[in-house]
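**Student:** TrEMBL feature annotations, pasted as is:
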DOMAIN    5-319  domain 'Cobalamin-independent methionine synthase MetE N-terminal'
BINDING   R16, E17, L18, K19, K117, N122, R524, C525, W570, E614  5-methyltetrahydropteroyltri-L-glutamate binding site
DOMAIN    435-757  domain 'Cobalamin-independent methionine synthase MetE C-terminal/archaeal'
BINDING   I440, G441, S442, E493, D608  L-homocysteine binding site
BINDING   I440, G441, S442, E493, D608  L-methionine binding site
BINDING   H650, C652, E674, C735  Zn(2+) 1 binding site
ACT_SITE  H703  active site, proton donor
Amino acid sequence: MTTLHTLGFPRIGARRELKQAQEAYWAGTLQRSELEHVGRELRARHWAAQAEAGISLLPVGDFAWYDQMLEWNCLLGAVPPRFGQDAGEPVDLDTLFRMARGRAPSGTPAAACEMTKWFDTNYHYIVPELHPSQTYRIARDSLFEQVAEAQAQGHQAKPVIPGPLSWLWLGKGDAYTSAGDSAKLDLLERLVPVYREVLARLADQGVEWVQIDEPILVLDLPDAWQRALLRVYDQLTAGPVKLLLATYFGGLNDNLFTALALPVAGLHLDLVRAPEQLAAVLPRLGDKKILSAGVINGRNIWRTDLDKALALIEPARAQLGERLWLAPSCSLLHVPVDLAHEQKLDAELKGWLSFARQKLDELALLAQALDAPAEAAEALAGQRAAIAARATSPRIHNPAVQAYMAVLDGVSRDRQSPFETRISAQQQALKLPAFPTTTIGSFPQTREIRALRRDLKKGALSEADYDAAIRREIEQCIRYQEEIGIDVLVHGEAERNDMVEYFGELLEGFAFTQNGWVQSYGSRCVKPPVIFGDVSRPQPMTVAWSAYAQSLTDKPVKGMLTGPVTILQWSFVRDDQPRQKTCEQLALALRQEVLDLEDAGIRVIQIDEPALREGLPLRRADWPAYLGWAVDCFRLSTGAVRDDTQTHTHMCYAEFNDIIESIAAMDADVITIETSRSNMELLKAFEDFHYPNDIGPGVYDIHSPNVPEVDWIVGLMQKAAANLPAERLWVNPDCGLKTRGWEETRSALENMVQAARRLRDAG
Ligand SMILES: CN1c2c(nc(N)[nH]c2=O)NC[C@@H]1CNc1ccc(C(=O)N[C@@H](CCC(=O)N[C@@H](CCC(=O)N[C@@H](CCC(=O)O)C(=O)O)C(=O)O)C(=O)O)cc1
Ligand SMILES: N[C@@H](CCS)C(=O)O
Ligand SMILES: [Zn+2]
């Protein structure tokens with residue numbers, strides 16, 4: 001019998017039960033005991049679903065109240081001193097929430113820990129805060145309690161824990177200069193004994209296998225880290241539990257020999273992203289190790305081509321027999337829970353898809369195909385038919401798009417004139433003051449706005465009434481910005497459920513789901529649209545809203561679009577053509593929208609690319625190719641406008657140093673970026689590079705409810721002006737305001753405008 005396991009199952013619940021419960025608890029309307037009950041119910045449901053599907057080793061530790069890394073930070077007692085954690089006391093749930101959000105129903109508010117992107121996904125983890133004198137201890141028991149919970153339900157629990165090297169790599173601290181700073185390795189001396197203690201406790205609970213995640217093994221690793229892996233795993237494997245070392249999101253490449261040399265009992269490979277590594281691993285695996293083959297894609301939603309998967313793993317099966325285990329490529333955290341909850345997707349399209357729950361069945365079928373091929377034949381034939389139907393469907397091809405793509409090389413990506421010429425034409429047209437103020441696009445998405453969309457969907461509100469209500473929101477937003485004296489206004493994005501899903505709903509070649517939620521961070525989720533075919537724009541998507549907003553004021557209103565790379569990155573993308581091609585189709589659709597906005601009298605157009613950096617391949621050798629086409633697609637979408645039309649772009653959650661050249665090559669007239677959390681440190685890349693175009697360094701952190709003081713904003717801008725020409729600087733928040741309330745938004749923006757006035761007076 002083939003052993004099946006998963007690296008993790010989505011924790012949010014098919015109806016986002018975890019989100020509802022957490023937010024109610026934070027708001028004080030749900031008791032702690034009720035919250036804990038919801039957690040137990042979800043875990044039990046998810047384990048049961050996996051067991052029913054035939055998964056024998058069930059993940060424990062994939063459930064997290066906010067984030068799995070944060071759970072581990074708390075288990076290790078790595079709680080920064082500002083949270084007032086008593087040494088020796090267990091870390092309480094509210095302390096965990098304060099680390100994530102700065103506040104919780106109990107305990108003193110403190111600055112939240114940093115949150116950043118998890119590898120190349122749209123999931124965000126809470127960054128471990130490292131310090132050279134940090135000590136560790138088992139400070140939270142939830143993992144052990146959950147193991148007992150799973151066992152009491154009759155399951156074979158396989159705890160899932162972050163490996164020590166990956167935990168350190170992903171951590172940050174003032175004493176360390178980069179992810180791979182070898183000084184971090186000094187902490188291992190104190191960390192490893194606690195890992196050993198954890199493993200010993202799990203062994204006492206009767207656990208046989210522990211999955212230990214070392215995803216950094218798919219990155220370019222310095223020698224010191226490779227050596228540390230060898231040293232540490234020698235110490236970790238001494239006890240009675242068996243370790244399954246899990247790698248995912250790529251191939252081992254030059255880390256292959258290190259991974260194979262580790263004395264662990266099993267190794268998990270991502271054979272979706274890097275199928276070629278199997279041939280290199282098989283002859284070197286030895287005669288004892290388990291190989292877990294990750295053959296079901298944990299990062300996308302397409303039904304698996306099981307014939308292809310079988311062809312890949314058959315040599316492994318022949319060599320390893322039952323030492324070959326099967327699994328998804330990575331945790332299923334990154335895909336929606338259950339396709340069964342989609343009532344509105346047409347049957348053809350639904351037949352092409354597989355969400356987390358369906359992926360379990362695919363895994364079981366694959367095992368059956370190995371163990372009892374005759375019994376699997378009929379189901380395999382059904383799967384084969386579904387794969388063939390998708391590959392040959394006329395819905396995926398659009399001749400008009402193909403015709404445009406065929407002449408793409410001849411389409412200019414360049415603006416008509418260089419920046420110096422354009423900016424003076426824009427200055428004449430827009431007549432902006434020094435230190436112009438603007439915002440990033442969205443204004444608070446209030447409950448009322450979301451309820452309007454809910455009612456529209458339910459049929460309780462007509463299209464006309466919905467439109468009228470959104471227009472009122474836009475008018476209020478414009479009036480407010482005029483009143484406080486913002487220079488370049490926005491319409492506020494009230495009509496958007498999400499900056500990617502909104503466009504997915506309006507573009508051809510996309511499908512969208514009712515319930516395909518995926519956790520982005522904490523309680524926040526996204527519903528990534530599905531790109532299944534050639535992308536085109538049947539009609540303008542934003543022009544009516546932007547033109548309406550512009551009709552209300554003489555001040556310029558920015559048109560607001562999500563860029564091609566970000567739409568690509570935050571969607572589930574077709575896998576039957578290179579991502580570059582899909583991105584080019586998106587860029588062409590956006591190019592038409594940009595020109596329509598310009599025709600409608602919109603003089604400033606922003607094309608957001610917050611995911612440009614997130615899309616970077618994990619291996620540096622692959623960066624130039626990606627950056628080449630990503631920048632090209634941005635330029636394709638923006639390049640056709642007149643000189644006096646001003647283009648903006650916006651990026652957040654990113655470090656810019658290593659891609660500054662590509663950012664400059666995008667040639668947006670203005671870039672607004674997230675810099676406030678780093679106290680303008682991130683601007684250094686722009687200073688060192690002598691970035692030529694206009695820059696709006698974010699002057700306050702929109703992720704925090706704290707209102708920035710005028711002096712503080714002035715100080716930050718002066719810091720920026722010390723190294724960048726003042727006439728190139730804009731004043732703006734560091735991201736959109738959709739997750740904020742109106743009260744804090746008002747105070748913050750008013751202070752921001754005050755600060756800009758003071759800067760002008762001083763200059
Ligand atoms: C900027 N970020 C984004 C990322 N990815 C995206 N795809 N979009 C982004 O904006 N990645 C990086 C960052 C940070 N990530 C996020 C992710 C998610 C949110 C967020 O606020 N999510 C909302 C859901 C937004 C949404 O889709 N809203 C819909 C539906 C709202 C809903 O739940 N409706 C309820 C009824 C509501 C009511 O009655 O009050 C229902 O249908 O039952 C909409 O507005 O229509 C979230 O709540 O998780 C932010 C940053
Ligand atoms: N225009 C978007 C960008 C977010 S990254 C917003 O303001 O929400
Ligand atoms: Zn942003």
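Even glycines carry a Cβ here, placed using N, Cα and C.
Curation plays no part in TrEMBL annotations; they are all automatic predictions.
I'd like to know what surrounds each of these features in this structure.
**Tutor:** Per-residue pLDDT, averaged over the domain 'Cobalamin-independent methionine synthase MetE N-terminal' (5-319), rounds to 97.
Here the Cβ of K117 (5-methyltetrahydropteroyltri-L-glutamate binding site) has 16 other Cβ atoms within 10 Å, regardless of which shown protein chain they belong to.
Following the DSSP three-state reduction, the secondary structure of I440 (L-homocysteine binding site) is coil.
Taking all protein chains in view, 25 other C-beta atoms sit within 10 angstroms of the C-beta of D608 (L-homocysteine binding site).
Every protein chain shown contributes to the tally, and the Cβ of C652 (Zn(2+) 1 binding site) ends up with 21 other Cβ atoms within 10 Å.
Here the Cβ of H703 (active site, proton donor) has 21 other Cβ atoms within 10 Å, regardless of which shown protein chain they belong to.
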**Student:** How far apart, in Å, are the two Cα atoms that lie farthest from each other among R16, E17, L18, K19, K117, N122, R524, C525, W570, E614, the residues recorded as binding 5-methyltetrahydropteroyltri-L-glutamate?
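**Tutor:** Across R16, E17, L18, K19, K117, N122, R524, C525, W570, E614, the two farthest Cα atoms sit 28 Å apart.
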**Student:** Name the residues of the same chain, 6+ apart in sequence, whose Cβ is under 8 Å from the Cβ of C735 (Zn(2+) 1 binding site)?
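**Tutor:** Listed in sequence order: I440, P610, H650, C652, E674, G698, I702, H703.
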**Student:** When the Cα-Cα distance from E493 (L-homocysteine binding site) is computed for each of the binding-site residues R16, K117, W570, which gives the smallest value?
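**Tutor:** Spatially nearest to E493 (L-homocysteine binding site) by Cα position is W570.
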**Student:** Can you list which of these recorded positions (G441, C652, H703) have a Cβ closer than 6 Å to ligand 2?
**Tutor:** G441, C652
**Student:** Taking the residues the record says bind L-methionine (I440, G441, S442, E493, D608), how far apart in Å are the two Cα atoms that sit farthest from each other?
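**Tutor:** Binding-site diameter by Cα atoms for L-methionine: 13 Å.
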**Student:** For the C-alpha pair, I'd like the distance in angstrom between R16 (5-methyltetrahydropteroyltri-L-glutamate binding site) and G441 (L-homocysteine binding site), rounded off.
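**Tutor:** G441 (L-homocysteine binding site) has its Cα 27 Å from the Cα of R16 (5-methyltetrahydropteroyltri-L-glutamate binding site).
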**Student:** Would you please pick out, from the binding-site residues R16, R524, H650, the one with the fewest other Cβ atoms within 10 Å of its Cβ?
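**Tutor:** Looking at the binding-site residues R16, R524, H650, the Cβ with the fewest others within 10 Å is that of R524.
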**Student:** Just the number: how many Å between the Cα atoms of G441 (L-homocysteine binding site) and W570 (5-methyltetrahydropteroyltri-L-glutamate binding site)?
**Tutor:** 18
**Student:** Using the Cβ centroid of I440, G441, S442, E493, D608 as the reference point for the L-methionine site, which residues of the same chain not in that list have Cβ within 8 Å?
**Tutor:** T439, V490, M499, M560, Q606, H650, C735, G736, K738
**Student:** Give me the CA-CA distance between L18 (5-methyltetrahydropteroyltri-L-glutamate binding site) and S442 (L-homocysteine binding site), in Å, as a whole number.
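**Tutor:** On Cα coordinates alone, these residues lie 26 Å apart.
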